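Asker: Got a structure for you, questions after.
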């Protein structure tokens, strides 16, 4: 033992190591640990930024198997592990994500001891490596690979010098297709280095080739792996950090916050993405037909320009804005739980201005409701977050995850401890990267990349919210801000250097055979120069070439949510003035200050410029504000004046101060000819009739384009909450209320959208009838009091107006925006869900309509629109049916108009989605129970109406559009022959949010606290009662989709019918054609003579079969007269504008 106590210049003997290998903790506590450390410090260069004292303090607290590996020794081990992972890993879900239950310290330590039995980085021979690796599981193998990666020389796999030299040489040679295989080896230090780099990208491509199974795309995992590919040594570092011990200026001190970590990692992620595309291009042949890459990798090549000119970190549609709580202190917390306790004590909710968003205030206040305790916070965490906190807080005997040990700088300025709440933009793979940096096998240097931050997930009534907590050195933060101010004041304000546009065009590269050929692997190593000293004379010149494409202002953590930028840009697409700007060539467009690259086929609807953000956080910008007639008015254009200007209030988005100068300069650069052209276009826009404007946003926007990444999609928003809801993972506080802000305002929002002809919209609706979804309120649910554009009816008045005017909207192709409201076409597939903002506690006025809340809209002749609004029933029942004339009690006619099963037959909806949602409110008068049960018992009544009864009696004075719709063969469908026992497909929402309260399209859990009640007759099972009307009669033709359903509510100035023509209400089996109540081809409308029934009976007689009654001749004559009169008014241009 005395010999062992001496410093050994060589590794210990095999016998000594064998006795120590099985007890690493014991060896650490004895005098062997200093010997090992002295040996390593003697032979291995100290890692950057570490003093000797820092090494000793860390060795006292951290277990380390081996500090640093040489490339020559571990090249073979990395290659063997990579080959095994390529074979077994692609089918494993989330293989590269740390903190998995399958990963344990014991397994990792056992594998490391087997591969490196001497403990000095010298592996066993190749045969033993193959045998050891083949017996290990993939989780431990990848953990072992990460352990070796972060302990390579300079703690990096590739290195900034190699990348910058590759970038310079590739540009010099005009970006050859095989640039990675031909140029990259010349930029690496040795063949061993080339072997490791090749295996690195080979593993990334192999894992991401099966991303549909393992949920890891090439773009995300390549950027995540940047923390191992590049160390902190970023050229031209703007801000010098302070050393924590001596307060001397050092360039490589640990990062002080998660923002500093993003500043370091995002440029590295962009470099990794560049190299990944170069690696893929090297295996793509010229012949497209011979491409054998998976579709995911093909799309990666075809949808990204090469080389990437700008950062792609914030170009994803899944960017999420979350609260960032920062504790600035001079004493760091020992564990994350202690940080939460300190935040709990310091957060002051009386100061509302301290929170940038109302959602942040509500979320944090609900978290820290009880002071001086973290039990409530722990209960609100998700299961994964609790597991992560437990792993980081538990003391492990070997490898310890979590924050690296660190001390604060002495607070010589006596700065007071404080807390602040900001906002942070992240993506899902940002969290993956943060997790990877804190994993068990990482070094202290990697654990310091994102400072002392913790990203936690909380659950609130089914919602899942992310919050970032971190603590910063208050002295370091103060000094860095002072240095930044000095730097910015000393330097003249210069914009970032942009790479000059290249002449080459991005080819759509054909795709390749598998890049895992040993021939290519050997050739890649052979390309490395024989001398280890690679030419580095171009490195100083490269320093000017490399630039961080994420600007400093873009990373000041005050950015708005990128999703809001994208949404505002899409709104500007249909704005006529935005189109005028594009035609005139002016640079004053508020959506972007830079021209979108023409050779970039992706991100057509997205601009990465940060200028969309609003500087006034307290002012809520609404997407509907530009459509509000009170706020948006065209200015008076004086063309004769010399200083002609157009000032449009509330149109330009607000910008930061530094961007306002650019806006002014761009406006000054507009030429006189462009202004004249703009003047002419504005006049032309004012002269043109509204029906000339054929604008559709169905193709520009889908529901997925407005939501966040799948696990944490925000809810639909209200007008008042637009800015914060779209820019945050935290949802509006109004989710549980019964207000209709979003719905009411969306009527204004969609008022100007669709004034196209019905036939043109039919083509778009057929094309766009896919499984995607878009937020659109269930407008039928709105109370009449919340609709400014529509008068409030009582129940009787609504019947008059509806029966008289509901059929006239086909004639009104061009009405004012205040009269015609057309939401976007619904594109929900069966089972798609809507937000609880739309699902209120009141029922639909149209009971079983084909609304996006319940069923998909089949391809039809028109795009869907809103239906007239009616007040709720005063008798205590919610209005569940469409308003129908008196005596219109014949279910046979209703069924003849709307054969639900025929719809399902045509559109092939899967049967497993035809589930009826269980209803909660069984509100049926007791006297009707027996009638409902009898109706169940006899699903096929005896009252059969002849189908072709009224063919010869078609009135000749029926308007042409009705005759065409009746006789149009496109609307004829085969006779329904389905069995009655088949459930109708349109009741397919299990709980309106997915399958059995799961799979919500907006939130991960799919659980909402405000599930809307449904009504079903007592004694009838949920899947049973709609079947009474499925096959009562066999219709010969299918009616067209009602005009008012697609063209919006009828104008309210049309005179109501006479009182004797007002029919009573009767529930209608409503599908896509229920509002019109048109009859199948050849069936004449029969009038009825039964007196009107009270409103209570209307709701009570729910799907009860009745016999046909009489003929409704007077009503038909009067309606035709009213139609003709209104048609004449419209033709003469007198339609209320």
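Any Cβ shown, glycine's included, is placed from N, Cα and C.
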Asker: For the feature phosphoserine in Swiss-Prot, which residue out of 776, 835, 863 does the record point to?
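Answerer: Record says 776.
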Asker: For which of 538, 715, 765 does Swiss-Prot record the feature phosphoserine?
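Answerer: Record says 538.
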Asker: Out of 816, 1034, report back the residue that Swiss-Prot marks as phosphoserine.
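Answerer: Out of 816, 1034, Swiss-Prot attaches the phosphoserine annotation to 816.
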Asker: Of the ranges 483-520, 635-672, 673-710, which one does Swiss-Prot flag as region 'Disordered'?
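Answerer: That would be 483-520, per the region 'Disordered' entry in Swiss-Prot.
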Asker: Among 1-59, 60-118, find the range that Swiss-Prot records as region 'Disordered'.
Answerer: 1-59
